[in-house]
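As given in Swiss-Prot:
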BINDING   8-15, 21-22, Arg60, 87-90, Lys98, 114-115, 183-184  substrate binding site
ACT_SITE  His9  active site, tele-phosphohistidine intermediate
ACT_SITE  Glu87  active site, proton donor/acceptor
SITE      His182  site 'Transition state stabilizer'
Amino acid sequence: MKRIVLIRHGESLWNKENRFTGWTDVDLSEKGIEEAKKAGELMKKEGFQFTKAYTSYLKRAVKTLNGVLDVMDLDWIPVEKTWRLNEKHYGMLQGLNKAETAEKYGDEQVLIWRRSYDVPPTPMEKEDPRSPFMDPRYKGVCEKDLPLTEALCDTVNRILPYWNETIFPTLKEHDEVLVAAHGNSLRGIIKVLKNISDEDIISLNLPTAVPYVFEFDDNLRLVKDYFLGDPEEIKKLMEAVANQGKKK
């Protein structure tokens, strides 16, 4: 049996403030740090022994991964970071409060911006200080690949080459692989793994720092998938994520 565990980063400071974050490099909150430790303890208790891990270029995912691996005494395993696992780019929405934006534009419009498969928010300017074109960490990325906004389909298309060519083939050499990333980048991976339609993927809500396990047979066919943790608690956390973009 082979296993990949997907984990969304712990609560960030902007999650706490209910802001659109996207590619903004926001740190974990104290709660987020504890969530990462708790996830690590849970996976250690369940006997997971990762030998390879992947994460994004954004510190909330990197620090979640580090927190998990530290608790599991797996700090030594190889970790690959890639911009392709970054969160969906929210364009000019980045930094805005989700509930206040819903008050201004309506719940339906904000849901479209947050989750629509093919409708991106208004792009930011290339010269905007928040733009990836102004960020030295993306200096080695081809300019045509850097987004100024994204719909979910763009995020999926960004991730797929790396998933197909790098992460998934890793299972041939490693029995257990951990991917720490973001709500929308993980949503793209899950869409592919479970063959979820464009319409249904927008209603998938991933709570922070809850391990999502995918088990494969030796031919790398998906056998089953499940969240680690109390089902009722996870359901409540999913509902809370769904309500983030609604009016107060």
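Positions of Cβ are set from backbone N, Cα and C atoms, glycine also.
Locations of recorded Swiss-Prot features on the structure.
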| residue | record | Cβ neighbours (10 Å) |
| --- | --- | --- |
| Arg8 | substrate binding site | 29 |
| His9 | active site, tele-phosphohistidine intermediate | 31 |
| Glu11 | substrate binding site | 22 |
| Trp14 | substrate binding site | 20 |
| Gly22 | substrate binding site | 25 |
| Glu87 | active site, proton donor/acceptor | 26 |
| Lys88 | substrate binding site | 28 |
| Lys98 | substrate binding site | 21 |
| His182 | site 'Transition state stabilizer' | 26 |
| Gly183 | substrate binding site | 20 |
Separation of alpha carbons, His182 (site 'Transition state stabilizer') and Lys88 (substrate binding site) (Å): 8
For Gly22 (substrate binding site), the one of His9, Glu87, His182 that lies nearest, given that the recorded positions are compared by Cα: Glu87
Alpha-carbon spacing, Arg8 (substrate binding site) to Glu87 (active site, proton donor/acceptor), which is rounded to whole Å: 10
Assigned conformation of Gly22 (substrate binding site) - DSSP reduced to three states: coil
Integer Cα-Cα distance in angstrom, Lys98 (substrate binding site) to His182 (site 'Transition state stabilizer'): 17
Pairwise Cα distance for Glu11 (substrate binding site)/His182 (site 'Transition state stabilizer') [Å, integer]: 11
Three-state secondary structure, which DSSP defines for Lys98 (substrate binding site): helix
Pairwise Cα distance for Glu87 (active site, proton donor/acceptor)/His182 (site 'Transition state stabilizer') [Å, integer]: 5
